[in-house]
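Noted in Swiss-Prot for the protein shown:
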- Gly9, Pro10, Thr11, Ala12, Ile13, Gly14, Lys15, Thr16: ATP binding site (BINDING)
- Thr11, Ala12, Ile13, Gly14, Lys15, Thr16: substrate binding site (BINDING)
- 34-37: region 'Interaction with substrate tRNA' (REGION)
- Thr100: site 'Interaction with substrate tRNA' (SITE)
Amino acid sequence: MQKVLAIVGPTAIGKTDLAISLAQKLNGEIISGDSMQVYQEVEVGTAKATKEEQAKVKHYLVDNRSVFDEYSVKDFVDEAKKAISEVAKKGKLPILVGGTGFYVNALLNEMQLGERNDEERGTSQKWEDYLKENGAEKLWQILNEKDPTAAAKIPVPNSRRTMRALTVIDRTGKKFSEQQKKIKPRYDYLIIGLNSDRQEIYRRINLRVDKMMGKGMLEEAKFIYDNRDKEHQILQAIAYKEFFPYFDGEKSLEDCVTQLKTASRRYAKRQLTYFRNQLPIQWFDPLNDLECEQKIINKVREWENG
């Protein structure tokens with residue numbers, strides 16, 4: 001079974017820097033496991049590796065789609081599988097790096113994602129329309145009635161995951177939680193999780209947002225705002241919709257920046273919750289442990305030789 005190393009963790013923890021360093025030392029190449037970094041038109045808000053960083057180690061699934069393209073988790077899995085095969089053919093180690101837990105899980109494990117077809121799109125649209133009319137709580141209540149086990153694992157505000165579960169239930173006629181139980185590994189994988197003191201992570205998130213504002217964050221958000229009538233996944237990304245009230249003249253820029261920091265901190269918390277509950281992870285602290293990288297390398301070597 002093909003070996004795949006995965007590096008996961010909350011936003012701003014330092015996944016990119018560590019992954020590049022590990023790839024250089026372990027003869028690896030990087031596959032992005034982030035649902036938003038595939039889009040070409042946005043750089044700052046998606047926290048992609050810079051062009052200089054990408055020049056150090058080859059990256060896959062970065063800048064390979066337009067924000068106007070339809071892109072699902074199945075598309076990601078199909079493309080990532082091809083990337084892993086390509087890396088492996090070179091005799092190198094595929095290193096999956098990302099913060100989108102469901103995407104990472106769907107790639108590393110066999111999951112019944114199904115084909116994207118007109119029926120699926122129609123079912124998904126049904127729940128999107130319901131959400132707009134009734135709100136996240138009522139949407140979640142429907143899932144709770146259909147599949148309490150699945151609902152218990154999905155926070156009420158996380159409408160995207162709720163809609164995904166309802167869509168799968170509609171498409172297959174089976175409970176989402178029962179299908180999750182049938183998961184089996186697609187690869188021989190090792191997942192390295194990065195985490196640290198919560199307040200330090202929050203401080204780094206706030207600092208990152210401030211830096212993003214100096215790199216063109218507002219211009220990217222304006223581009224998304226100007227195209228918001230088109231239905232595309234990037235509208236769900238934290239970093240863009242927080243600025244819409246500013247463009248509408250409803251809030252100050254300062255208030256929107258504060259809202260982005262708050263949303264990013266909440267997202268980091270949700271990321272950690274998913275990783276802890278859904279994936280078998282070896283945890284390390286890159287911010288407080290000076291020997292963190294070497295410990296990870298030792299763990300990877302042990303896994304590679306096992």
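Each position is counted from 1, following the chain as shown.
Each residue, glycine too, has its Cβ placed from N, Cα and C.
Neighbour density for Thr16 (ATP binding site): within 10 A of its CB lie 19 other CB atoms from the protein chains shown. DSSP places the residues of the region 'Interaction with substrate tRNA' (34-37) in helix, strand and coil in these numbers: 0 helix, 0 strand, 4 coil. In the three-state DSSP assignment, the secondary structure recorded for Thr16 (ATP binding site) is helix. The two recorded residues Ala12 (ATP binding site) and Thr100 (site 'Interaction with substrate tRNA') have their Cα atoms spaced 13 Å from each other.
In the three-state DSSP classification, Gly9 (ATP binding site) falls within coil. Summary: among the binding-site residues (Gly9, Pro10, Gly14), the fewest other C-beta atoms within 10 A of the C-beta are counted at Gly14. Counting only same-chain residues at least 6 apart in sequence, those with a Cβ under 8 Å from the Cβ of Ile13 (ATP binding site) are Leu194, Asn195, Ser196, Ile201, Arg204, Pro286, Leu287. The average pLDDT for the region 'Interaction with substrate tRNA' (34-37) in the predicted structure is 91. Sequence-distant contacts of Thr100 (site 'Interaction with substrate tRNA'), defined as residues of its own chain at least six apart whose C-beta falls under 8 angstroms from its C-beta, comprise Gly33, Asp34, Ser35, Met36. Neighbours of the ATP site: apart from Gly9, Pro10, Thr11, Ala12, Ile13, Gly14, Lys15, Thr16, residues of the same chain with C-beta atoms within 8 angstroms of the site's C-beta centroid are Gly99, Leu194.
In this view, the densest Cβ surroundings among the binding-site residues Thr11, Ala12, Lys15 belong to Lys15, judged by other Cβ atoms lying within 10 Å.
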